[in-house]
Amino acid sequence: MESITSIEMYVADRNAEWLGVPRLVLMENAGAAVARNVLRKFPTAKRILVVCGTGDNGGDGYVAARHLHAAGRTVRVIALGEPREELARINYQAVTRLWGVEVKAAQLPLELLALQDWFMWAEVIVDAVLGTGIRGVLREPHATAIELMNISPAPKVAVDVPSGLDPDTGEVRDKAVRAALTVTFHKAKRGLLAPGAQRYVGELVVEPIGIPPEAELVVGPGDFAYLNFTRRADSKKGDHGRVLVIGGSLEYSGAPVYVALAALRAGVDLAVIAAPEPAAYAAKAISPDIIAIPLEGPRLSTKHVDKLASLAERFNVVAMGPGLGVEEETQEAVRELFRRLAGKRAMVIDADALKALRGVRASGAVVYTPHAGEFKALTGAEPPQSLSERMAVVREQAAALGGVILLKGRYDVISDGVRVKVNMTGTPAMTVGGTGDVLTGLVAAFLTKTSDPLEAAAVAAFVNGLAGEDAAAELGFHITASDLIERLPRVIRRYAFESIR
């Protein structure tokens, strides 16, 4: 049986909406599925109690109550507080307008105990209290609600996950509803299949609710949930990411600047460029926000490796490649530095550095960001035109390299050798030079906010494309990489903080 973690389910739910399937429709389908299974398993039961929490699980319960009432059952609902989610609130209001459904609020344990006769009255109890929303030790009124449900002789039907059961591990830290039937949605939550969970789960039914398979494949707003954008009140400089950019040469000084500025706009505290002298001095002149450390000479060479390896110890992430050039001494320096840092620092490899690392296997968190030509230089493989074939090739080559590949294109394809994601944001206006450097800076920044390099790369591609779309909507096709950088904070703010739950 296919399974999914709670965060993967959250992501799929949000991304389904991004693809055009409203979450209100998903909630309606979920609640209707619960009601349908209650009627199937307990066809003679007439009196049904639905206990609803304050989140989306409670919203599913309100929908189920409405459908059970429509099927001719006598339904009572206990609301454990005002719904805190808008969709749950809509369905709460809908069920309270039904004359035939009795709804009572019970936010305190004493208020629940006063309704103990309702628990004994029921022939079936629907548990819509927590679902996948459990976090740590049970709080009130949830603990009392679970206890009263378990005391009742009526069989329990759990909505998505029995309340109190960890959806990812199947562990029960305190107490959990002992269900005769669990109706879960889209895919089985991993904890439902864990050894020892069966006595709480009972019969397990997986119901489709309209989430398309693309919701798990396509990058969307839900993927922000993998990144941590929160900040403690007592945060200090450096707590939120330090990125070292190794790039630039006599001929190319702008590329590392784009990387560093994008990383700063994506929320890192410190972005430092280590570049050959001409590029370092140019970077200092371009922006006062950037610290630039000059490396002796016109281009990177092996004589700089010791200094750079030592410098990298002060940073979370190293981004290497933009503007370095392809001279043999530079390519050799890239290979040596890559080997020195492998497994010790997260790395983003882009542009000229990609050409130096063909056949060099990665260890640790490494993200490669090639376009089609660089992909061939890195792997020896030609990326196919067909999206499905391209996905297969990127996954195969990522597995061979031991890192994450973000293959840029009309649709960006991202894989760690096992999982594959596709980013659909972007615009033809982004063919202008420098947008790939902005992407490198975003990947570097997001590697400081998650331990999952695939998701760091996926969200970076998503944000980069949205920034390009925003710039093109305002300016047409005549945009620059600087226009993207300017819009990054607004794009990130639009989606990041909805994911903090």
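Backbone N, Cα and C atoms are what each Cβ position is placed from, and that goes for glycine too.
In Swiss-Prot, the K(+) site is described by Asn57, Ser163, and among Asp13, Asp127 the residue recorded at this site is Asp127. The residues near the K(+) site, meaning same-chain residues not in Asn57, Asp127, Ser163 whose C-beta sits within 8 angstroms of the mean position of the site's C-beta atoms, are Val51, Gly53, Gly61, Ala128, Val129, Leu130, Gly131, Ala158, Val159, Asp160, Val161, Pro162, Val177, in sequence order. Take the binding-site residues Asp127, Asp160: by the count of other Cβ atoms within 10 Å of each Cβ, the lowest one is Asp160. Around Ser163 (K(+) binding site), a 10 Å sphere centred on its CB holds 29 further CB atoms from the protein chains shown. Rounded to a whole number, the C-alpha distance linking Asp160 ((6S)-NADPHX 1 binding site) with Asp127 (K(+) binding site) is 9 angstrom.
For Asn57 (K(+) binding site), applying a Cβ distance below 8 Å and a minimum sequence separation of six or more within one chain yields Ala128, Val129, Leu130, Gly131, Thr132, Gly133, Val159, Asp160.
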